[in-house]
Structure formats: C-alpha cells, structure tokens
Amino acid sequence: MTDQTNLKEREVAHWAKTSRLMFTHLAIWFFFGFIIHMFVVPLNRIIIPVLGFPLGFYMAAQGSLIVFVVMLFMFAKQQDKIDREFDFAEDD
Amino acid sequence: MATQAATSSSDFIKNLGKMYGTYTGGFLAFILFLAILEQVGVPNRILGYLFVFFTLAVYAIIGVMTRTAQVSEYYVAGRRVPAFYNGMATGADWMSAASFVGMAGTLFLLGYDGLAWVLGWTGGFVLVSILIGPYLRKFGAYTVPDFLSFRYGGNFARFLGVIVLVACSFTYVTAQIYGTGLIASRFLGMQFEVAVFAGLVGILLCAMLGGMRAVTWTQIAQYVVLIIAYLTPIVILSIKKYGIPIPELTYGQAIADITAREQQMLATGLATAAALKPHIQPFINYSPLNFFAIIMCMMVGTASLPHILMRYFTTPSVREARQSVAWSLLFIFLLYFSAPAYAAFSKLEVYTNIIGRDLSAIRPWLFTWGELGLIQICGKNATNIDAIIAACKAVAGHPGVVRLQDFVINTDVIVLSTPEIAGLPYVISGLVAAGGLAAALSTADGLLLAIANALSHDIYYKMIDPNAPTMRRLTVARALLVGVAVIAAATAATKPADILAMVGWAFSLAMAGNFPALVMGVWWKRTTAAGAICGIIAGFGLCLFYLVTTRYFPGAGVKYFGMTSLTNPLTGAPLVDIAKAMALPNAMESFPTLAHPLANKVGWFDLTNIACGLLGAPLGFLVIYIVSKLGREPSREMQAYVDDIRRPRGRTVLEEKTT
C-alpha cells in the first residue's frame, strides 16, 4: 500500500516537473517561431557585422532554426534528467 | 535460435557506422569515377542514366536484403533503430521533392515571405518531441490510429484516424510520385508517364518486402545521397565567388548585393516598382496573418503527420525517441538553412547577368531550360537568341535589353540549374538529379507505408479479421502497398493541377484531424472518448469544408457562407471583384479550373485555404474540452494507462501479438 501511495506521489511530482519543462520549451518555441518575426522590419535595420545579413531576415533564415535544433538536444537531456530523478527512466 | 538472432542483430547495429561509412565513401568514389568518365568524353545522357540506375540499384539491394517475415520488423523495424540513424531516416522521410527542388525556388520568388515555409517545416519537430512522439513510443503503437482506438474506446475512433491519415497522406504521396516523374523525365528524357511508373518500381522495390525495416535502412542511404547532392554545387559556388566553402555564411554578402542591385535596376529603368519585390522586405506576398498562419499550420501539421510520427515508433527506447527527434531536425536543418543560399546566389546571377544584358549576349545555360518551357523572356520560351530577339521586338517600346518584367522562371529551375550557372561539369547536374530522386523516393516510401499499414493493420487486422495468421497479415499488407502505390501513380500520371497546393493542404488536414486528439489524449486525463470523437469530426470537418468550398465551390462559399475576396497584402485591395465575378455565368460552377476568377481567392478573415488548420484545430480543442466536461470522467483503468504512457520505464502499454 505504501508503495502505491509512493508511486502516486512520484507520478504527480514527475508530471508537474515534466509539464513545467514542456511549457518552458513551448514558450521558447513560440518566441522564436512567431514573436521575434513580428519585429522583422525594425530588426532588418540592424546588419550583422562581417556577414552582412539584415538581422530580421537572418533570424527567419537561420537564427530560429539553430535555436530549435539546440533546444531539442537540450530538451532530450532535461527530460531524461527528470525521468531519472523520479526513477521513471528506462535502464541504460 | 532466438538468441542467435539477437546476437546477429546486435552485430548488425554495431556495424552500422562501418557499413554506412563505406557506403558514403563508395558513393563519393562513384561520383569521381563518373567525373573521370565525363573528362574522357562519355556523353552526358549516359552519365545521367548511370547516376540514376546506380542509386536505384543500391536502394533496391538494401530493400531486398532487409526483407522480413516478422510482423514487428515489418511495422516498426523491430524497435531497434538507434537515435542517430533514425534521425537520418526521418530526415529523408521528411524532405520531399518539394523541399529539395521547390524550396529554393519559392524563396527566390517570394524573398523573405518564403521563409514562412522554412520556419514552418523545421519548428514543428519541437512539438513532436515535447508533446507527442515519445509518448506514442511508450504506448507501443504500430500506427497512429492504434493509439486513437485504445485511448478513445475502440474502432470508431480508429476508423476516424484512418480517414484523417489517408486524406493527408494520399495527396502527399501523389505529389512525390509526380516529382519523381518530373525529375526522371527532365534528366533522362523519359516520357513523363513512363517515368512515373519507373519511379513506382523503385519505390516498391524498397518498401514491399521489408516494410518499415527496409524503408528505414534505404532512407538512411537516400539521406546520404540527397544531402551530398544538395550541398555540393552550392559549396563549390560559394568557393568560386567568395573563397569560403560555407555558403550559409557567405550569402549574406549576396543579399546585400541583391538589395543594392534592386535599387540600381529601379533607377535605370530595368525594373518597374510593380514588378520588383525587394528580397528582404517582409509581407509583400503574404499578409502578416497568412505568413504566421502558414508557419503555425506547417509546424503543428508536422507534429500530426502519421508518416513522421511513426518513425519514432522504431527507436529502442523513449529516451532515444527524444534524442532521435533532435538528430532529425539537425539533419533537416542542414538542407533548409542552405536553401536560402541557393535562392540568393541564383537571384544575384539573374539580376546581374541576365537583367540589363543585351538580348544578343544572353548566357547559353538559359536555353536548355527555355526549351523545356521553364524560362520565358518577353512572354516566349527562351529557346535560342533569335527567338528571344523576335519575341522582344513584338513588345512595344522594348529597349533591347532584358528587363525584370520580361523574365519569367519556373521555380523548379533554381536548384537544378545552379550547377550550370556556376559553370560546373555535367557530373554535378547528374548528382543533383540523383539527389532530387532520392528525396522524392524516400518520402514516397514513408507515406505509402503509412497508408498501407493503416489499411492492413487497422482496417484489415483490427477491424475485419483479428485472428488472421502472421503470413496472411503480411501478405495483405504487401498487396495493399502495391495497390495504393499503383493508384497513386495513376493519379500522378494524369498531372492533376492542384498537386503542389495539396502538399500544403495535407499539413492543415493532419493538424485539424490529429493534433487536438493526440495532445489531449496524453496531456489531459479527463479527455473522454466522446469528446475526442466529436473533436476530430468537428476540427477535421471544418478544415475540409473550408478547403473544398474555397477551392471547388467558391461561388457557393460567397453566396451561402459569407466568404469574401482575399486581399492583396501590399495594397489591401481585394484580389477579385466579387460582385463582378458573381455576375459571370460560370460563377456558381463547381470544381472549376484554377482559371476561375474565384477559385482559391475567397475565404473568411482573409485566410488562405492552405492554413485551414488554423480554423479546424482550435475548434477541435474546444469541442474536445466541452464534450469531455459534459460526459463522465474516463475509467480509473484508462487514467492509469495514461499515467503509464507518461512514464518511460516499463513495458509498452500495448503489447502486439507478433506471431
């Protein structure tokens, strides 16, 4: 019985942390997928030194994409850490 | 016996790096070999054939070698594809003929606004990883409808899932086979219809005998070909122009040059303000609403497309499923962040070396494409210098140099012509053709498998004959695969007019039909079967209604559903005069051609029909929420299953009978 309640508690805590991680990443995704591109006109006035890209164009062509890739590797690590913390991770 | 199989399979996994490394080296050696052949005078046509047949033969050999008679191998590749390799396979699965050939052209034409597609087709993987993919992996499904059926009370939900899956995958696969035909007919000079069926044979050789297992290992081989083919010409071009082999960094300079040249062309009368769309200026082709709506629909559609989700069913663990999504996006990113470079280099070439040039001094690479009707100058195909001069003489007041408004280029030409623009040997053009073919074939394989699996596993095995023995299940699966492939090829051979728009529609339909039910099924335990079923019907129904009405019954849309004309994003003026168009005798015509004044040009809220998912998905969420709240909470048992899906540790929830 104690095992059962213990499991329940771990489940709730695990899911709370998982949800928080999900919302954090969703917010970053929304910022780099949408919000930043709403400011493309002012951002285009900034030219990236040396490379010569207007910043607004660069963000849509490369910047946001790089953020997405990095984010996904980080997410895989962070979620795995949460799973391990509550002993819900798969065996290696 | 079983242990023996297990050891040999783990050896297989261990040797993957060596195998694909050798394969990549072999492919590079093959390119060099063909380059030498070209130097000693072997004709281009033969080189093209060698390229295509060599690569097709490799895919076919992998397909035959990885044939299988086991159900779990056939449907989910035995769930032992490592994250890195599954990422590569997903990359090939994902990047279609449209990405390989069409993307750069779209960016060439639309400038900044085209980046909506680049963003939309990459950012969706974030949603796959954080919201859906790993949970479906833990659930242990063979197909996406498997999950819907289990979570939402049985075969009716399963059936809806199959309808959504077929609706979004079939149009998509038709477009891929069409793309195969286009590339083969252009490079090999085959007749289009023959090329379509030749491509079909290639697809079937990969997928039929080994199902998911064979498709996985061929897709990895196809990724290697397509990425080498995409990057080689542009890297060489970048070295030639700027001395640095990283075109993604050097094209910033090209963009600055384009912007300067645009001003110059306006000042010297080579372009009118109406014909010139500044490359970096946003929102001249799409209104801000449609720009962001397209991004949203492509992203959420990515996370709802069954042929993508099912790739993550093949990893050994939930952890690897997550890592695999990250690898997938990295491999996709390599192509997508290079596409704008193609567009910029081509545009600079066109603006500086074609526009403003005397008609008699046109560079000859144009004429190859002009003969195919893909480049027009002064309204006529640019087949040779005399034809151009004659065509431009007919234009009143023509100054004798090419002006921007005289020049029309088909978007497919951008990638295909870059080797010629850069003055590279033909072997590079052949390489690009092989890459385009790999992109089209790999996506077609994944989609066909998704459709055939839904029909064989969900409809036949789960709904018609649950006691079917393994042999019969696999036979049915293969027969259906061939059947679906032939129907798709036959459809493609008729060259349907809407084929490219349909790829965009597929994303919106998947988004509206699948996304709310999948996300709510994992993230909200309170979601009931009735809620999900109503949500799928309402969301998918609304999206489909909007598509079909605006495209095929625009007159009725205006008359009965209060639709108005879409507006020009720059001026805000309506695209069509509704009153005038409605007075025409053909205004109420159904299934009109694209020339119909209203087709695709009416709608609600000025929203393009490609983004119909933006109407459907929120409605789906709302309906699921309300109907679920009205009904009784799902059983304790079901809620426990949802908890189980959320924990990576332990057995999969669904245990398939495999023998």
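Placed from the backbone N, Cα and C atoms, the Cβ positions cover glycine too.
TrEMBL annotations:
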type     : residues  : note
TRANSMEM : B:20-40   : transmembrane segment
TRANSMEM : B:46-66   : transmembrane segment
TRANSMEM : B:87-109  : transmembrane segment
TRANSMEM : B:115-136 : transmembrane segment
TRANSMEM : B:156-175 : transmembrane segment
TRANSMEM : B:187-208 : transmembrane segment
TRANSMEM : B:291-313 : transmembrane segment
TRANSMEM : B:325-345 : transmembrane segment
TRANSMEM : B:426-455 : transmembrane segment
TRANSMEM : B:476-493 : transmembrane segment
TRANSMEM : B:499-522 : transmembrane segment
TRANSMEM : B:529-548 : transmembrane segment
Between the transmembrane segment (B:87-109) and the transmembrane segment (B:325-345), are there three or more CB pairs that fall under 8 A, provided the residues in each pair are separated by 6 or more in sequence?
yes
Out of B:20-40, B:46-66, B:87-109, B:115-136, B:156-175, what stretch is closest in contact terms to the transmembrane segment (B:476-493), meaning most Cβ pairs under 8 angstroms?
B:156-175
The transmembrane segment (B:499-522) in contact with the transmembrane segment (B:156-175), cutoff 8 A, at least 3 CB pairs, sep 6+:
yes
When counting Cβ pairs under 8 Å to the transmembrane segment (B:156-175), the leader among B:46-66, B:291-313, B:529-548:
B:529-548
Long-range Cβ neighbours of the transmembrane segment (B:187-208) (under 8 Å; 6 or more residues past either end):
45, 48-49, 52, 56, 59-60, 62-64, 177-178, 180-181, 214-215, 218, 429-430, 433, 437, 440-441, 444-445, 448-449, 478, 481-482, 485-486, 489, 492-493, 495
At a C-beta cut-off of under 8 Å, are there same-chain residues at least 6 beyond the transmembrane segment (B:291-313) that contact it? List them, or none.
75-76, 79, 86, 89-90, 93-94, 113, 116-117, 119-121, 123-128, 131-134, 136-137, 141-144, 165, 168-169, 212, 282-283, 321, 324-325, 328, 446-447, 449-450, 453-454, 504, 506-508, 510-511, 513-515, 518, 607-608, 610-614, 617
Contact yes or no, the transmembrane segment (B:46-66) and the transmembrane segment (B:529-548), 3+ Cβ pairs under 8 Å, gap 6+:
no
Under 8 Å for C-beta pairs, could you tell me which stretch among B:87-109, B:115-136, B:529-548 has the largest tally with the transmembrane segment (B:426-455)?
B:87-109
Give residue numbers and ranges for long-range contacts of the transmembrane segment (B:115-136): same chain, 6 or more residues beyond its ends, CB-CB under 8 A.
94, 99, 103, 106-107, 144, 147, 286, 291-292, 294-303, 308-309, 312-313, 318, 321-322, 325-326, 328-329, 332-333, 336-337, 339-340, 507, 518-519, 522-523, 645-646, 648
